Structures are given as C-alpha cells and as structure tokens.
Amino acid sequence: MTDSLRAVRADQRLLLVHAHPDDESIGNGATMARYAAEGAGVTLVTCTLGEEGEVIGDDHAHRVALREDSLGTHRITELAAAMAELGVTDHRFLGGPGRWRDSGMMGVASNVRADAFWQADLDEAAAELVSVVREVRPQVLVTYDPNGGYGHPDHIQAHRVAMRGAELAADAAFRPELGPAHAIAKVYWNAMPRSVVEAGFAALRAAGKESPFPGIAAADDVPGVVDDAEVTAAVDGTPYAEAKSAAMRAHATQIAVEGPFFALSNDLGQPLPSVEYYRLVRGEPGPVDQATGWEDDLFAGVASGPDGPDNAGSDTDARAGADA
C-alpha cells in the first residue's frame, strides 16, 4: 500500500449497520478488513445482541433463550474478537448493549416482545444512529436491502433504521443537540450477483465427498442474491480473506468455517467469498473498472476531508427512494 493511498484513506469513513453479531463478518468482513488496513475509519453499529440465535455444538447450548438466555452476553465477546481479527476498533451497539433485543425469525413469539427490535419506534431507534453519524461523519453507509437480505425482522428493521437515520442526520432541524447535521454521500446495500453465487455453489458441489458439511444450501438461500445487472460495486478483499475467515470463526456459536466454505447452525455449506458486492442506491457512482463495469472502491468519486461531503447526492434508483 502506498503512502498516498493511506493519506487519502485517512479522511475516509465507512459506517456499517447490521442486525446481529456475525452478520458483519459474513457480509462485509473482507471489506472492513481492507479499509481498516488501508487507514480508513471503519465504524460498525450492531442493533441487537443476537439473543435468539441458535447455537452450533454443545459447549454453549445452555446459553439459548429457552434455557439460560445468556447467549447475547456471550456474543458480545465473540463480536469483540471478530473485530480484532478485522482490525476494526470502532464498534457500537445501537442505543448501547441490550437496548433492543433480537426479535427471532419472522412469525415467532419473540417478535412481539416489548423490547424486540422489530417493535422499536423507528424514529427513536434512528435517533440513536443519528448521534453516531453526526459524530463519525461517514461518507459511505452500508446496510441491507429493504427485505433485509432474507426477510429476518431485525435485518428489515436495521435497513429501515439505517435509511431513516441517514435522512434525519442530514436534517439540521432534527435534534440539533445530537451534533451538526451531516449528509452521507453514498449509501450501498449488500448484494450478491447470482452468477457469483451459482459459481460458488458449483465449486461446493464439485467437492462432493470432500465437502466439509453434510448438506449444501441453495443459491436462493444466500441473503441479498440479485441479478448481476443490479450490482454496482465489487470490493476485492482477497488479501484479507484469512482475516475474514478468522472473524467468522470468532463467532463460534453461530458459524462453522472450513476452508473456502462455511455453514450456519443448519449445517448447510455455502461459499465464503472474499470479494464482496454492493448496490449503490443513493449518491453518484464513481469511476468503474472497465473489465466489470462496477466500482471497485466504495469511496470512488467521493470528496474526502474532515467534515466529509457537503451534500448527500441523489438517488440512483427510484426504487431505493421509495423503499427508504
């Protein structure tokens, strides 16, 4: 890495909003490790502790919600270990640890708990994010699509909070006591191009009996799979593949990693990519890689500086504006 790149990165700040511990490492681990290593500011906001998660293996089975209900506390330590592997030093829980609880999968009883993130007042939760945005002043925000990638209530709510928080942070009339208004230049949603996912699963099937997991997930089980034409950016984190794998291993109650593959508690193998893909939904695209037609840097075209850009750019997708 050149000194000139590090000098540029020093004034660049990336904010990621995720639902549970482990989501960040699966979806953006290589991206986070790359930008942190190159000197950019990387801030992760996690919205819940993941209290309702299932557990892999027997060592921590007693922690699940129906027994000790101590999984959330343990997952704080897993997340801290994952952040150390990625080189990320700025991590916060939305509203503080435990302010909102993991809602569980859609349609279960925990959805309607008063403290469930799914039940959070949108503007109240967004205000907690506004304080982070106005403090950190990121130029780039990464979160989920409106379906949260795969329909989990907390992922959907994290999307809503991220988009609303970005909107309110730019409004000088909203809660001025939270700091000077700040407009985020570019907003991306996680996305996985279908061709890449299908190629990864083909490799897993080709492993046959050598596959480390008893089953194989389907391409449509991967959160955020979209047609290739919807993808606008690809961040090559190949030099940080091991950091991503190590971060995922740190979430040992949730993820099993074997070589270039991983599985969640369902024990269904999936490819573990080190190139991560995004869809730009707000802001202006920067220069693209001529071979792919995609941006290869989330900060492409963004003016950097102590206070970040002066305006939020414009929607590049009419649907993004409607969903926000």
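Along the chain as shown, residues are numbered 1 onward.
Including glycine, each Cβ sits where the backbone N, Cα and C put it.
Keep in mind it's a predicted model, so treat the numbers as computed, not measured.
Of the residues HIS155, HIS159, HIS182, TrEMBL places HIS155 in the same Zn(2+) site as HIS20, ASP23. Apart from HIS20, ASP23, HIS155, the Zn(2+) site neighbourhood in this chain, defined by C-beta within 8 angstroms of the site C-beta centre, holds HIS18, ALA19, ASP22, CYS47, THR48, GLY50, TYR144, GLY148, HIS152, ASP154, ALA158. Long-range neighbours of ASP23 (Zn(2+) binding site) (same chain, six or more residues apart, CB within less than 8 Å of its CB): THR46, HIS155.
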